[in-house]
Structures are given as structure tokens and as C-alpha cells.
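For reference, the structure is listed below as C-alpha cells.
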Amino acid sequence: MSSSPYQPAATLLNQLWEQSDQSKRKKSLKSLVFDDKTGQLKCSKTTYAQACHVQKHLPTLQAVWKKHVHQNPAVTVQNEGLLYVLLYELLLGPNQSIRGGGKLKRQLTQQEAALRKHLRQIQASSPGEETSDDDTWPRYIRVNTCQNTTQQVVDVLRSIMSDDANFTIYLDAHVSDLLVVPPSATALILSHTAGDADKKEKGKWNPQTSIVLQDKSSCFPALCLVSLLSADPRFQSWELMDACAAPGNKTTHLAALASQFMAGTQQKPCTIHALDRDKQRHALLQRRCEALVNGDDRVLIQTKQQDFLTVNPKEYLNVRGILLDPTCSGSGMRDKGLKHLTEKENEGEERLEKLSYFQYKALLHACSFPQVEYIVYSTCSVNAEENENVVHRVLAELPSTWHVVPPPALAHWKRRGQASSKDTDEKHMIRVDPLEDETNGFFVCCLARSSLHSMSKQDASLPRKAIQKQAKVLGLPVYTPNTFATMAKESKKQTMEATNKSEKNRTGNEKTPKESISSQCDTNLDRKKNGKRKTADDASSSQNSKKTRSSKISGVKDVAVKESDADDKHAKKRAKRLEWKQKQREAKLQRLQVKSK
Ligand SMILES: C[S@@+](CC[C@H](N)C(=O)[O-])C[C@H]1O[C@@H](n2cnc3c(N)ncnc32)[C@H](O)[C@@H]1O
């Protein structure tokens, strides 16, 4: 038995990889660790988080190990899972060290310098092809249909991206007017169009108001609320509330969808009350609503800085729909989420309790609005405590006419609520898995007050057909899962094949750049040693004698240190340059986003 504290994560990964080889119906990491019936985690959060990290960085770790084995063919490792967990901890983990003991730990730490060198080379040689989530997750662009048609935006994006064949634009498979582009495209789109920022007229492309960079799952709440209201013929006018609205992504999405619906009817303009209790966030909300929605006379947004829990429901007698997206732990967010999993078991429990109590209070308060018919409750958390449990707790206190309803627009979304032992409501709730759905983890639950709401079985083909129809009109393909991840893997494979081929082509006599450097290092080394000038012949003989000397430990050490220094210098320089470029792009993106807010 291994003494390693990483063994549980290693076992989990071995289990995952072994069944991937044998069985046709592969289980994902998530389905291996969560109990099908109770939805409870079967291992510790730490074990799950370690396994997630390894899976995320597996291509890089495998490439490092491949290089290592190439140089040390005698190396063999039995426990592949443990190998990659330890490699991750040593090279990429938060402490960059391995806890505990064991033979494999000793073996890896002894080779740490060489392993790090491989890692640097891999990172420097293929920075754009890292297959981590950040580089393969699609980027979502929501068209603000209050200012432009989707066709107008698509035409502009096409012209911006026309120079690069890799930049295909897709339409999302679930959210209308949501475009999907490769991760590398967003910076290009925003920077390319920054000069047009002063064109504020409606219908004219303006990157700050024509589009919103909004993650897919965060588009679900407004989509759900509008699909429920528009399927209900009882209401002649819509008065809605976004109870926790800042910075206004969902409010403005709600406005855009409501406006589209109003366009096809004789209804009065829709009113949206958008509240936030935080002063600064409310100011931002107000600015964004003005910029994104003003000029669209089918919808009116009234913002207010107020604590939702202090709102008197009797002052909003005509409110029919409430969108409630309260503060949550954010454990579904891809950058926060894995951090949350590595928290100590008890850590954060108190915070979670406070959050879920606030969420319960807010949802109960929303249900007390006299005329409200639909409430869409959402969080970007993956904890049942903030999601299903909150809904059950609230429903237990309400008259039985209140019930969970399935959102028509997401009838074709497969992932549903985590089932508790008694309830069947979960099949109507929406869950988004940050590890599998290429968008942040999310939860949406729709509540309806009246039993009049039709619970007839929803036809999943309807929303799917609607998206296909829109894609056809726009001339766009519908995005299919993992498109960019597959492309990144393919491109990485090709680069590796090309590199291997060119390395093989080099003949024994011909010096590779690396050998030239090492030869130079040898010369310098010998110069220092002998204290006299050496000839070119001396230098080459020093290179030729490298193999002979390599058996003498001290000589090998010196040469290796010099060689790795020179190699490192180049790799570092390259990595620094790429890092700087990336930072510039990100800073530009941020500036543009701040401007647009
Ligand atoms: C998750 S964010 C909302 C994000 C927003 N729905 C969007 O999509 O842009 C939660 C917001 O709720 C606000 N908030 C928290 N407690 C509140 C309360 N009691 N009343 C009103 N707003 C509250 C916070 O200030 C924060 O802006």
C-alpha cells in the first residue's frame, strides 16, 4: 500500500481511465464521485478537487512525462494515477511540492529540475495550444437585440474575422441570439472595433452596446422567465422585477427578450424594476441599462438602489414575474469553483449557511408579491445548500398551488437538478456542470403560483427547431459541445508531430541549436577550468568528449547546469514575451469592458 496522501485521488483517476478503455458507456469523473440517487459526494472534496486539477492539466502533464521517459527509457511507473497527481502537485499545484513520503515521491523530487525544464519547454513551445479550459472553452457573445439585429452583428463579426479561417462563428444550441466564437477571437473582436465606439446610433455597430460578453449559463434565467410568460396568454402587459440586478447582465437580457416578444404583439411596453442594494453596483447597473436599452420603446427599465428584503410587495401590485439571482458562493464559476473544492471541509460552511439563509429569505419574499405568477431563482453555485435545498425549504412554507415548473425554452437541456430521495421536482430544475458543459456552473429553478400553469409534457424538439431555424437564417452552424477543445487537441497533436519529425531529420553530425549552445557552454567551462584561450577545435573536441565525460558525475553536473541555463534563458525569454503579449491583450479587453460599463 502506498503511504501517499494522494492515493484516493490516484485511485479515482485510475478508475476513470481504466473504464474509459474498456467500457463503451464511459462514466465522467463527476458521475464516478457523485451518488446517482442521493447526489452526495462519495469521496472527500479534496480528493475530487485533486482529480479535477489533474484531468484539467493532463495533456501538459503527459507531455512532460513523455519527454522524461524519452530521456530516461528505464523509468517505469506502475500507478499512473498517482504519478500524475504527484506530477501535478510538484509542477503546477498551489505549493509546488509533494506531501507525505513514498518511492515515487522520492523519484520525482530527485528529478524535479529536469521535469521543470520539460514543463517550461512545453509551455514555451505551444502557448496557444494548451488544452486547459481557459484556452478551449468557447467565448459567448450575446447580441443586444435592443440596439442591433443579430444579422447586423454577425455581418460585422464576419468582416472582422474574415482574415482568419480558424475563426468560425457559431450559434449557441440553447440561447437564441447568443453567438459562440473561439477563445482567441474575443480580444480581436473588441480591439478591432474600438475605433467605432462613438457610433451610438441604434442599428449601427458599436462594440460597447451591440454585444454583451455574457457567459452562456447566465443567459438561462431571463430566457426561462420570458419563455414562461410568453407561453401564458393571461397577461396583457408585463411588469417584471429583477431583485438583485447589478451589474445588469440578466436585466438587459430580460429587456432584450421582452422587447422581441412585444414586437410581435399589441401589448403595452414592458416595465422592469431593477434593484440592487449596493450603491456603487447600482450606479453601474443604471449606466449599463441606459447604454444598452435606451432607445428601445418597447421596454422601460426603472432602477433603484434598495435592499430587496425591505421592499413592500404592496407597492408593486402589478409585478407578474420576478428574476431572483441573489449573492451566492460562486462555486460554479470556473476560476472560483475548483478553489472552493480545495477548501478544508469545514471551511466556508458558516458562510454557506449565511448565504443559503439569505437566499431562502429572498425567495420567500419574492413569493409574497401579491400578483406574481412566475419566479425564476438562480445561482452560479453548485452547492445543493444554495440551490435545491433553498427551493424545498421555501416551498414547504407556501400554499400548495406554488410549484416547480419546467422552463419551455430549455426543454432540450439535459442536465437537471440533483435528486433528493423524495422529490420529483428536480427534473424540472436546471443544473449546469462547470466541468462538462463548457460554461460556468449554474442552477435555475422556475416557480409558478397558479395551478393554471400548464404542466403538459414539453416538446424538446420545439426550442431545438427554433434555434436551427435561426441558425439557418443567419447562415451559421449550431455549436456542438467540445468543438474548440477538439480543435485545440488536433492542433497540438499536429505541432508535436511536426516537432518530432524535424528533430528526427537532424543528422548526428549536424548540431541542433541546443547542441550549439551546449558546445559553447563546454568551451566556456573549459576556458574557465584551464585559464587559457581554446581553439575552435578544442571546443568541438570538448563537445565530442561530452559523452565520455558524462559518466563522471561532477562533469555531467557542470555541463548539464550550463546547458540547462542557456536553454532556460531562451525558454524564459520566449515565455516572458508571450506572457507580456497576453497581458497586453487582457488589459485591452478589460479597458474596453470597463468603458462599455
Ligand atoms: C449575483 S449578483 C447579480 C448579478 C446580476 N443578476 C447580473 O446578471 O448581472 C448579486 C447582486 O445582488 C445584490 N444584492 C445582495 N443582497 C441584496 C439585497 N438584499 N437586495 C438587493 N440586492 C442585493 C448584490 O449587490 C449583487 O449585485
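Every residue number used here counts from 1 along the chain in the order it is shown.
Cβ atoms here come from the backbone N, Cα and C positions, even for glycine.
Remember, TrEMBL labels are computer predictions, not curated facts.
Note that the structure is a prediction, hence the values are computed from the model and not measured.
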Query raised in the report: TrEMBL has Cys244, Ala245, Ala246, Pro247, Gly248, Asn249, Lys250, Asp307, Asp325 down as binding S-adenosyl-L-methionine; which of Asp177, Asp215, Asp232, Asp276 does it also list for that site?
Result: Asp276
Query raised in the report: DSSP three-state call for Lys250 (S-adenosyl-L-methionine binding site): helix, strand or coil?
Result: helix
Query raised in the report: Other than its own, how many Cβ atoms are within 10 Å of the Cβ belonging to Ala246 (S-adenosyl-L-methionine binding site)?
Result: 24
Report summary line: Record-annotated S-adenosyl-L-methionine contacts Cys244, Ala245, Ala246, Pro247, Gly248, Asn249, Lys250, Asp276, Asp307, Asp325; largest Cα to Cα distance in whole Å is 19
Query raised in the report: Near Lys250 (S-adenosyl-L-methionine binding site), how many other Cβ atoms are within 10 Å of its Cβ?
Result: 24
